[in-house]
Every structure is written in C-alpha cells, then in structure tokens.
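Just below is one structure, and these are the notes that go with it.
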Amino acid sequence: MQKPKYKRIMLKISGEALAGEKKLGLDTDTINEISRNIKEVYDLGVEIAIVVGGGNFWRGRSGKGMDRTTADYMGMLATVINALGLQDALESQGMPTRVQTAIEMRQIAEPYIRRKAVRHLEKKRIVIFACGTGNPFFSTDTTAALRAAEIDAEVILLAKKVDGVYDSDPNINPNAKKFDKLSFMDVINKGLGVMDSTAASLCKDNNIPIIVFGLNEPGNIVKAVMGEKIGTIVM
C-alpha cells in the first residue's frame, strides 16, 4: 500500500465549513462527514493537528461599532464551541483527541503547551487548537501557520468551500481562472484571498507548503495527504 506523503499535518477548517448549508451554527451531518474523512487519514497513521475558525458564530471584523479587541475575543470563544463539537464527533468515531486553548479554560480543555501538543501527536491523538493565538488582531489562518511551525507540521491543508484558489470569486464569475500552483509572494502581492499576509509570510519563512482544496468533495483530505494533485498548492 502506498505510504502517505506527509507524516504530520495541520488541517485548517473554517467555521463556515462546519455550518454546512445552514451557514450559521454547527451542522451535525456536516461535522460527522468531516470526521469520517479525517478518520480515513487517521487510519493511515498520519499525525493530525486541527485549527478551527469561528466564522459560523462570529466574525471579529463584522462587529461594527464595537471595540476590535472585544470583537476578536468573542471570535476566539466561538472557536471553542466549534472545537468541542468537532472533538465530540471525532471521538464518537473512535479517534482520541485533545482540545488545547490559547486562553486558559481548564474545566473544558487543556491550555496550549507546545511540548504537550507534540507528545499527544506522537501518541496518535488528534490535537484541536482553539482560541486562535490568544491575541486579538490575528486570524485563525495565522494560528494555523504559527502552530504548524511550532509542532513541525509538514503541510497545511486549508479546507475551503471552493476547490482551490481563483483569480476572482468563482461563485460570482463563471469565467474565474483556477490556479494549480502559486508562490507565497503571489498570495501576498496579489491579495488572492487564500489567507492573510501575516499567515502567508509565516509559512514562507518556515517553508511550510499550503494545499487549498474543497472540503465538500469526499476523500479530498486523503488525496491531499497521499500527494495527489488536488486544489491549489502554495509553496
């Protein structure tokens, strides 16, 4: 049997992806389907870390008239709801997990400790990172880049609602062009909406490739881990 291309991965799942067609809150069927896809990767022996967004409950930048710092902290708390929901779905399918938060809330999760996170991964536990970086003004994409660098992940899998990176929104422009491969400088200079410039710069500086792919297609996470050509690769 072919071996996975990557031994340790960082999977970034947006809050919107967890909401499914509802676009708000958590959709049980969607989370269970995502968990089944993750199980396929887990069964290959791959070490999996996950960063979840919180956009299905709250977006810091959408809090008009609100103090930005307060709005961002509200968004961090939203990621905890998603992390616990995903943890429950993963464990119901037999995968051991740990949730680590960048803001301490010991009654429901471990505080983020790098060495502990790495040890969990080595013991084949899935680690879910919540609360972003614990600091306002930083996105969960930046969290994924930062944690990936800290735990020595070999790749970031960026699960989106579209099947890659386009030169314009494919939902609006039917003639939008999809990119198979991009450089980090393309992402930073062209503002293609893959991730913010802080996250892209972190990945560039630490030589962490990013694979952007559609989460809605079953088996895509496995395909990415096995090295098949899907979505858009940024490197």
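Including glycine, each Cβ sits where the backbone N, Cα and C put it.
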Per Swiss-Prot, Gly54, Thr133, Gly134, Asn135, Pro136, Phe137, Phe138, Ser139, Thr140 bind UMP; matching candidate in Asp67, Asp72, Asp152: Asp72
Top Cα neighbour of Phe137 (UMP binding site) in the set of binding-site residues Lys12, Ser14, Gly55, Tyr166, Asp169: Gly55
Max pairwise CA distance, angstrom, over record-listed UMP binders Gly54, Asp72, Thr133, Gly134, Asn135, Pro136, Phe137, Phe138, Ser139, Thr140: 15
Pairwise CA distance, Arg59 (ATP binding site) versus Ser139 (UMP binding site), rounded so that it is a whole Å: 10
